[in-house]
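Annotated Na(+) binding site per TrEMBL: 75, 78, 82, 313, 345, 410, 413, in sequence order. The disulfide bond feature in TrEMBL is assigned to 179-188. Summarising the annotation, TrEMBL assigns region 'Disordered' to 1-57. Positions annotated as transmembrane segment by TrEMBL: 69-87, 99-120, 141-167, 230-251, 263-290, 310-327, 339-360, 389-410, 442-467, 473-496, 517-542, 562-584.
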């Protein structure tokens, strides 16, 4: 607090009253607002009172218990990528040896960034945009996260729509993509084991996927989307209605749904592993999955794939983790939760590989080919290879229903997290929506309907090309740049020591191991993680320049690839745009503007209603938040104190 020429101290009762009166007069002349409307901000200069900032804050929801949060995060992280992407990358990059770079990337980049997001959201009790009150210069990181989440939600629910279509088709006996179906008799009779590789495009599963589901044969490419596939459009509508209903009451509803959606996939995986172990040829599939190729460790591609899978699987940098953590109690142990969630997620990926490759091994044995010829990546693995393997199992209808029900649960959980990142960001920026349940429901309904309309492009006859384009670039270099700036901003602008202290403040009864493990995380945040992210970024740019984007035999045109680059660039350019805006709002030289723009706002440390921190402890006497905020200089404060003294 300031003292001037022996006048009353601002912290004393008399001095505090006079200073408050002067502040109100100053607020009227500078902002043109009624002091009653900005009292919460005016108290921020010298007032040692209880802090109206907290009193005027709309109460936030909280998880019903720590298990709801843990299950929500596990459901968010354990998604479709664990089932189709990890097993494929594992055998493509040397089998069991892929686990070495995978776990190195996990501990050097995945776990530290995961903890950073959870801690930032829980301490600030705010969404991806508002939480950057800790460093206004980097508000663009939150906007960028919102852009990435929007792109992910746009295409991710299309996968759920495909799952719905297959789930409905699974109730037919025989399965419509099996050789037992009458329509496929001629195709299956022509596909012998000797020519299955050359005639792969004519297998019943691929015919069903390309013609019945996608209608791909009627599209020439990205430029020719064709008409909407209305069966898929109805499935997409049903998927968005389910998402809307599950999120209608916020975490109070989605927090209960995850008890089913997050646990059911584990039950199905266990059943599939037990069933797969009894099949002929399953051991060949497991051997193919785990056989190490040590020479692959020298390839940069292996390390890049390991890093990309960590980001893809843990959901880092898209705002979902940050938003879900913002509904935690202030004293929740984020370090413990980080270790539980990341360990559970990566073990699930490895565990799912046994279920998948035991069945693929049986399919290879039945067809007389190697496992490498029946495995694929992306949608081809989930909707071509798996259905074909399921059709070969005794009781194929039951196993198909269970498998696609599991995919539906995995997809819904992940979409919950992405949607939570978007809704929390908007509700925090416009708190009046949070106060009115009707307006909040209308906003959520409008958001879901808007996503549905935009998603119709992806369920056209050429929609798979647009799906591949968005999938390839939405979480590519833009996501890496966003997480890189988040790591650098927290470590060097906000301060890594202060951030570690914030974590210790949240874990009030911190076990000795918590404070020791923070030393490791501090080293990662400052050195190892940024270096690793820059390496991944460089490799992504090199690969993007030297390779073409493909789907099957179709090669994307240059303009399509340029469009994808623009999508990724739009996400990360938000950092630069909003940094310029933050600097322009300040006054003084460029250096002074920069220094002011990286300082936390007054409401940063008092934003969490569960915190025992009093507002007076952290008020910055040179900054005010409010409508049409101005940045006051030392001259303003000296003049204000002089006026107060003269009145005395």
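All residue numbers here begin at 1 and follow the chain in the order shown.
Glycine residues also receive a Cβ, built from the backbone N, Cα and C atoms like all the rest.
Since the structure is predicted, the reported quantities are computational estimates derived from the model, not experimental observations.
Where TrEMBL records a feature, it is marked here on the structure.
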{"residue": "75", "record": "Na(+) binding site", "Cβ neighbours (10 Å)": "27"}
{"residue": "78", "record": "Na(+) binding site", "Cβ neighbours (10 Å)": "29"}
{"residue": "82", "record": "Na(+) binding site", "Cβ neighbours (10 Å)": "26"}
{"residue": "179", "record": "disulfide bond", "Cβ neighbours (10 Å)": "18"}
{"residue": "188", "record": "disulfide bond", "Cβ neighbours (10 Å)": "15"}
{"residue": "313", "record": "Na(+) binding site", "Cβ neighbours (10 Å)": "23"}
{"residue": "345", "record": "Na(+) binding site", "Cβ neighbours (10 Å)": "24"}
{"residue": "410", "record": "Na(+) binding site", "Cβ neighbours (10 Å)": "27"}
{"residue": "413", "record": "Na(+) binding site", "Cβ neighbours (10 Å)": "27"}
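Each of 74, 76, 77, 79, 80, 81, 265, 348, 414 belongs to the same chain as 75, 78, 82, 313, 345, 410, 413, is absent from that list, and has a C-beta within 8 angstroms of the C-beta centroid marking the Na(+) site. On the backbone, the CA of residue 413 (Na(+) binding site) and the CA of residue 179 (disulfide bond) stand 33 Å apart. The largest share of C-beta pairs under 8 angstroms with the transmembrane segment (69-87) comes from 339-360, of the ranges 141-167, 310-327, 339-360, 389-410, 442-467.
Under the criterion of 3 or more C-beta pairs below 8 Å, with sequence separation of 6 or more, the transmembrane segment (263-290) and the transmembrane segment (339-360) qualify as touching. In this structure, the CA atom of residue 75 (Na(+) binding site) is 39 Å away from the CA atom of residue 188 (disulfide bond). By the Cβ criterion (under 8 Å, sequence separation of 6 or more), the transmembrane segment (517-542) is not in contact with the transmembrane segment (310-327), since fewer than 3 such pairs are found.
Counted as Cβ pairs under 8 Å, contacts with the transmembrane segment (473-496) are highest for 141-167 among 99-120, 141-167, 310-327, 389-410. Residue pair residue 313 (Na(+) binding site) / residue 179 (disulfide bond) shows a Cα separation of 35 Å. Distance noted between the C-alpha atoms of residue 410 (Na(+) binding site) and residue 179 (disulfide bond) is 28 Å. Counted as Cβ pairs under 8 Å, contacts with the transmembrane segment (141-167) are highest for 442-467 among 99-120, 310-327, 389-410, 442-467.
Within its own chain, the transmembrane segment (339-360) has Cβ neighbours under 8 Å at 70, 73-74, 77-78, 81-84, 86-87, 90-91, 99, 102-103, 106, 110-111, 114, 266, 269, 272-273, 276-277, 279, 282, 285-286, 288-289, 309, 313-314, 371, 374-375, 385-386, 389-390, 393, counting only residues six or more beyond its boundaries. The stretch in closest packing with the transmembrane segment (99-120), judged by the count of Cβ pairs under 8 Å and taken from 230-251, 310-327, 389-410, 442-467, is 310-327. Here the transmembrane segment (442-467) sits apart from the transmembrane segment (310-327); fewer than 3 CB pairs are under 8 Å, leaving out pairs fewer than 6 apart in sequence. Taking the C-alpha positions, the distance from residue 82 (Na(+) binding site) to residue 179 (disulfide bond) comes to 29 Å. The distance from the Cα of residue 188 (disulfide bond) to the Cα of residue 78 (Na(+) binding site) comes to 36 Å. Long-range contacts of the transmembrane segment (389-410) within the same chain, counting only residues at least 6 positions beyond its ends with a Cβ under 8 Å from a Cβ of the stretch, are 75, 78-80, 82-83, 159-160, 163-164, 166-167, 170-175, 177-180, 204-205, 260-262, 264-265, 268-269, 271-272, 275, 279, 359-360, 362-363, 366, 374, 382. Separating the Cα atoms of residue 345 (Na(+) binding site) and residue 179 (disulfide bond) is a whole-number distance of 36 Å.
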